[in-house]
Structures are given as C-alpha cells and as structure tokens.
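Here is what Swiss-Prot says about this protein:
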SIGNAL    1-25  signal peptide
SITE      Tyr31  site 'Greasy slide, important in sugar transport'
SITE      Tyr62  site 'Greasy slide, important in sugar transport'
SITE      Trp95  site 'Greasy slide, important in sugar transport'
SITE      Tyr154  site 'Important in sugar transport'
SITE      Phe271  site 'Greasy slide, important in sugar transport'
SITE      Trp400  site 'Greasy slide, important in sugar transport'
SITE      Trp439  site 'Greasy slide, important in sugar transport'
Amino acid sequence: MKMKAKWLPIAAAVTAALASQAAFAVDFHGYFRSGVGVSGDGDMVKYNVNKVGRLGNENDTYGEVQLGQEVFNKDGKTFYVDSMFAMASNGSNDWEGTGTVCNFDAKQCSGDSDFALRQFNVQAKGLLGFAPEATLWAGKRYYQRHDIHISDFYYWNISGAGAGIEGIQAGPGKISFAWIRNDRSAKDVFGEYTNTGTSAAPNYVKNEDLNVNTLDLRYAGIPLWSEASLEVGAMYALVNETEAQKPLKNNNMKDGVMLTAELTQGILGGFNKTVLQYGTEGYSKTMAFYGDGSWYGAEAKDGADGFRIINWGVVPMGNNFEMGHQLVYGVGNEMWDGNDKFETMSAVVRPMYKWDDFNKTIFEGGYFKDKNKSTNGTTEDDSGYKLTLAQAWSAGSSFWARPEIRVFASYLANDEDKKVFESGTSKDTYQVGVQAEAWW
C-alpha cells in the first residue's frame, strides 16, 4: 500500500499533463496531389483547367500542410492560432527545392519548386459582447472560399492578409465583414519601369506595386424553402496609390464593386448551386477571366463592367451513379482600349460509376468557347475540349471520398485549329498517367 501511495502524485501529474495536451491538441489538416504521366510530346500539359476540367489535366505536385491549435480557453473566451505552408512543383525530380541543381544531376532546377506561407492568423471567440458567437480574426488566411472542385475554379474568394469579424448572428442568417489586402502588380497597371529621364538620357526607375484594399460584406445562411438557402455579398476594392504613383495614374485606376448572390438547393442528398455575379471597373476582368476577387484588375478601362452566371453541383443518380457538373457564362465589357465585349462559356460534366465501396470508373468531358469582339467589329475566337476516362480506387464510394488513386487517359484539342500543343506543332494531344489526391 505504501508503494502505491508513493506513486500516486506522479500518476496524477502524468494524467494532468496528458489531459492538458488533449485539451490543446494540434489540429492537422492538409491537401495534396501528385503523380506521373506523359503526353504526345514529352511530359504532361495543363490546358484551361478552369474551363474543361482538372481530371487527367494536372501536371504538377502540390501540397498544403495546415497546423492549428487552440492556445487559450477560459470563461467562454478562446484564441486559436492557425497556419499553413504550401509547396508546388512540376514533379520532375526526387529532390525539388529552392536550389539550382537537382542532386548530382546536371539538369538545372532553378524554380523547380516553390514554397509559400498561405495562412498564419489568430481567431478569437467570445470577446465581442454584442456577438459572443462571432469570430474576431486577424492575419493571413483562406477566407470563406467558394470553388468548383472538378475544375479547380474559385469564383468567390478574397483570401490574403487582413482582419475581420465573422459569423455575427443577424436574424435567420449570419453577417461577416473583412478587410483584406490584394495588391496589383505595377507591370499590369502602369508598367514595371518609368523613365524619369529623357529619351536621350533615360533613367528607368522600378515602379512599386499598386496597393489595393478590399472590403467584404456577406450575409449567409438565409433560409428559403425546403433544403434551400441564400448567401449574398458585396466587395469594394479601394485603389490606394502612393505619391510617386499619382503622376502615373490615369482615369482607368478606379475603385470597383463586385456583387454576388448564391442560391444552394439540396437535391437527393446532393446539391446544386446557382451563382449570379456583377462587377464594375477592375472586377470586370474577374467576370471575364475566371477570377475570384482575390486580384483586382485596376488597369481596366474607366467604365468597364461585367457579369457572370454559374451553375454547378454534385447529385446522386441512383445507388451507383453520381454526377458533378459546371456551367459558366461570363461577360466583360470595354475592359481596355479597342475592346467591345469579351464572352466566355464553359461546360464540364463528371459522371462516376461505383463498382463497390472502393472502386469506381470516372468520365470527365469539358468544352469552352471564348469570343473577343473589338470596337472595329472584328472578333477573335478560341475554343477547345477535353475528354478523360479514369479508373479510381478511393477510401469510400462517395464522389468526395479521398484519398484516391486514379489511372487516366485524356484527349485534349483546340477547336479553332490553333496549334497550341506539342511545342506549337499540333492542335491536339493525348496524355496518360497516374495521380493520387487526398485531403484530411
């Protein structure tokens, strides 16, 4: 009995330590995709993924590692620190880093791999007396991103460094407000360099990037009819040029507004989303070029505007079939001198047949068409398509089940007889490969 009593304080201390660790456990999340493949001319290509779909159309290795922890919890007040690092490469070698040589291979690998800090922020709850349920946050983060998975198309997303209040209960829905920085490169707006000298004695000075701040207001979770909800939002981009940039400023560098309404309808255990978006000034380019709001085209011509209609979803079709789809139509008007109207349309379908809980066959077909009409009446068209057949093994039968390993074959073609493949020698190509994808 004395021996048992002797060890009781130690056991109590160990138990307390373990309980403390459990209470403040590190949350580990992530995403990755990687594989190997070949095309009709060397390694694989990536062709208009947002427009024709991503299955069998990705030639990279990409990964995200997210670590977060609740570091304080007392009297209903919590503080959470979140972080994420990302890596992107072409997957061409065993060792891929920021160096210039791959191991002992003479192949130069400068820029072979990129590393980025994607998130680092603090999220606090219970601090606001008027809204204890809301989250007060600051730092760099992914912010309420809306995307279509089958095409990797983010259509509503202002992620970046900023601050905000998220999830204030207001009637049936919740209000969120954020201020996020999304600068535009000097090269896109007024040129990378400015000549402060003369033509005879030039003196080129490198221009700074244009500071752009975005104010974002959203009202989400508005209930409508059965299994239907609505989310609406407004973004306002403020152009904030420096004194040195004011002489370079022209009428084109204007503030802009982006409005979004998203209707979500539950269907047979799946869902369908219809999205309406309208943008002015720099957001006209968001509508035309598959943007998401995280970049602002401040160089757009004064008075430019655009709109976009999106329909997408994933719906079960019986016990063994599921179907994912995307339909997009976007327009940008008078975005630069000589531009009258830019139209884009795309459609992607991804039906899937489940053989059992771990084995599935997937088809993905996508088509797009772009039309750029000039003020002189001429038009320039571009269109293309992709067809992919894949056999996949995944951790479950769901459309969203991951990890997944897939073997695929794809055919890609330009529909305007433009030789955009195989080093500019062919209007089409094929590619075959194996890819793994996971999120957790």
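Using N, Cα and C of the backbone, Cβ positions are placed for all residues, glycine too.
Every protein chain considered, the tally of other Cβ atoms within 10 Å of the Cβ of Tyr31 (site 'Greasy slide, important in sugar transport') stands at 16. Within 10 Å of its Cβ, the residue among the recorded sites Tyr62, Trp95, Tyr154 with the fewest other Cβ atoms is Trp95.
Cα of Trp95 (site 'Greasy slide, important in sugar transport') to Cα of Tyr62 (site 'Greasy slide, important in sugar transport'): a distance of 14 Å.
The two recorded residues, Tyr154 (site 'Important in sugar transport') and Tyr31 (site 'Greasy slide, important in sugar transport'), have Cα atoms 16 Å apart. When the Cα atoms are compared, Tyr31 (site 'Greasy slide, important in sugar transport') and Trp439 (site 'Greasy slide, important in sugar transport') turn out to be 4 Å apart.
Checked against Phe271 (site 'Greasy slide, important in sugar transport') by C-alpha proximity, the recorded sites Tyr62, Trp400, Trp439 yield Trp400 as the nearest.
Listed in sequence order, the residues of the same chain lying 6 or more apart from Trp400 (site 'Greasy slide, important in sugar transport') and placing their CB within less than 8 Å of its CB are Val314. Remark: Trp439 (site 'Greasy slide, important in sugar transport') has His29, Gly30, Tyr31, Arg402 as non-local neighbours, by Cβ distance under 8 Å and separation of at least 6 in sequence.
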